[in-house]
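Straight from TrEMBL, the features:
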type     : residues : note
DOMAIN   : 17-50    : domain 'TRAF-type'
ZN_FING  : 17-50    : zinc finger
REGION   : 99-119   : region 'Disordered'
COMPBIAS : 107-119  : compositional bias 'Basic and acidic residues'
Amino acid sequence: MIPKLLAEEHYLNTHAPVACSLCSETMERDILDIHREENCPKRMITCEFCEFPLPAIDLAEHQEVCGNRTELCHLCNKYVRLRELYNHEDSCNTIQDNSAGSSRYVRPAERDEGARRRPQNDFSGKRLFFTIAFTGIAVVLGSIFFQRKTDLSNVQ
């Protein structure tokens with residue numbers, strides 16, 4: 001029970017409608033703290049996969065994409081989606097394979113043929129050289145273009 005003299009003050013401090021500073025939703029003052037911490041769609045939440053803080057309303061969409069990224073399982077050397085990594089490590093059959101090959105199932109007949117196959121990275125040295133050369137040329141051309149643009153702006 002609240003004395004009549006304090007009734008208006010009690011109403012303003014406890015029951016008067018206030019707007020959330022994050023989402024502008026109106027509610028009673030006494031539930032505002034709970035709303036901000038647990039229910040506000042614009043409260044900041046950290047992604048469980050990348051630890052990036054983002055609004056709660058965007059979390060599901062972000063984690064749908066972020067959880068599909070893969071990471072190498074240190075137990076079986078297969079790439080596993082981040083959303084499945086925790087369960088995968090629990091059920092992983094800890095086959096110690098030192099190569100980080102494909103995560104697809106390899107039949108025993110294919111394993112035996114592995115030594116006769118040609119290497120997958122036949123042209124990796126040439127591709128790396130081409131990529132570095134192309135990037136270098138792009139950087140040089142970009143710096144020349146940018147330099148000309150800034151020189152022209154200094155003249156005017």
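Any Cβ shown, glycine's included, is placed from N, Cα and C.
Among residues of the same chain six or more beyond the zinc finger (17-50), those with a C-beta under 8 A of the stretch's C-beta atoms are 56-57, 59, 62-63, 66-67, 69, 82-83. DSSP states for the zinc finger (17-50), grouped as helix (H, G, I), strand (E, B) and coil, give 11 helix, 9 strand, 14 coil.
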